[in-house]
């Protein structure tokens, strides 16, 4: 079956008033089992040196109980020790499979290591081995890891371990060449593992995990796993745990309308919450004719966990609710209608739906609007609008998702593409008049190839943005697009390097000139040969392990293989060389005459400024700001400056490299005058008496 998933929307409904905290009547047996399992493996921190009074700005590390690995970190707050990080874990690769195979001691090759920061002083746990163990012992249903997870204490360290476990399972399905679809047994047991760390006892422990993105990682991992789920019947309830529920339904283009209802039990409410997902008829008709499916995953407590870990939204006017719905929708479906039961029906409260943005760790109101808010139900219309990938991703070690950056990128690239096309048209018009000498010929060859490389790179960058929401399903296409982007952006830089070398050649060599054919050969070898070698080596080395592209965008990988260095290092090295060339030009331009007047000095300053302004976009000096975006946690303003300067580079090339060149302007005027002269001559010929007599003689 062809890949059909194009979008995952994470939506949450919340009220303006706090809800009651009474326990539910439903799932009472499951709740009792949950409490019993916790009592079996009670976690009791040791009494030790991190007790009593303390001095401000001090910290204290305390070892975990004897049957746990890791440590507990305390910091002093108002003269009292306060727990900040806890990495105590009892889970490991061996303990997961001990019940299935007591003598199991997995020593399989692994590409994913559990971060040291999450387990304190324990040895690194090769989480990648877990998936290989699953493939060995229980590939059909994943049941072999469920008991070990459910019997473990819900410590912060174990929560982090389980999140990494679920994340690894999901990513291995996508990237390890194992493309089997997820059946209902796998989804059910995967849900049981996730359910263990979503209970009310676990909520407060999420705050002490070193990785503050763990809750968001869990949400994305479950979504990624649910993407592979194949629904067999018309409507199926797959996972029905206390803290996670999954339901799927088949949908088709021919349906008049479609709805999917889900009754979600609430741990802190007396009644279940009924959620109805409707797909409008018009949205269904826009789908492809092949039958598809929609999947909803409900997390009754994940909203509370996200609130516990992430900072509150200052822009939202209402307190957030705990229920989160993840919707896995087919390709082309951009609109849905959500109907929720209000939790507290006795109060008159206003409500709204929002979407979770994992990049910013914030809720976003823009995708959803409230259609009705009457009595006990709320109805919202939610649309999925895919934004263009931010231009700052080209140098960034971590993609920055921001509306301002997206707008700058979209507007800048549109203007740049138009400007570069216009630049090439002008070059074609004036070519015969401006390429008089070898140096002028090579100068315009450089400008044309710089424009062609940047134009092609920008077009492929936009195409790559359209794959960013579905990178895993379109992996081969994403690799191809990334390779072309990589090659043409490198070609841009190497042609700018060759132009800088031509400038140095013109300054240093006055009387002796190189043959045009030799200069052309050197130019194309540098401009296209070097980038091709770098791009081919990069994809050859990294792609066998599927580490060439990012997991969330069609661009060079950073986290696993550092393939981004294959672009950043050559680009920044060329920028450094070109900066030295600009300084050399500035020094060469400022030769003052003896006894020169103040006006002559000002003319020199103006000439230097003009040369620097012209050479800056043509030699790519604006890309020097990319050095700041390579650093994690850098302020958004640097990304904005980088996007502004480089998204508009095509416009700057047209302005400073073409329009401000007086020879090109003169050639254009001559061309226009020549065309006007020809048109006048044609008019005179058509209106001449001789021509008129010939017409009459016919």
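Even glycines carry a Cβ here, placed using N, Cα and C.
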Have a look at 168, 691 and find the one that Swiss-Prot tags as N-linked glycosylation site.
168
Candidates 313, 559; Swiss-Prot annotation N-linked glycosylation site sits on 559
567-587, 588-608 - the range that Swiss-Prot marks as transmembrane segment
567-587
Are residue 275 and residue 658 on one side of the membrane according to Swiss-Prot?
no
Of 372-392, 519-539, which range does Swiss-Prot call transmembrane segment?
519-539
Can you give me the Cα-Cα distance between residue 61 (N-linked glycosylation site) and residue 375 (N-linked glycosylation site) in Å, rounded to a whole number?
52
Taking the transmembrane segment (636-656) as the first stretch and the transmembrane segment (445-465) as the second, find out whether 3 or more Cβ pairs fall under 8 Å, excluding pairs closer than 6 in sequence.
yes
Cα within 10 Å of residue 353 (disulfide bond) - qualifying recorded positions among 368, 375, 382
368, 382
Across every protein chain in view, the count of C-beta atoms other than its own within 10 A of the C-beta of residue 380 (disulfide bond) is 22
By Cβ distance under 8 Å, which residues at least 6 away from the ends of the topological domain 'Cytoplasmic' (431-444) in the same chain are close to it?
499, 502, 506, 513-516, 519-520, 523, 663-664, 667, 670-671
Once the DSSP letters are reduced so that anything not helix or strand counts as coil, what is residue 61 (N-linked glycosylation site)?
strand
Alpha-carbon spacing, residue 368 (disulfide bond) to residue 380 (disulfide bond), which is rounded to whole Å
6
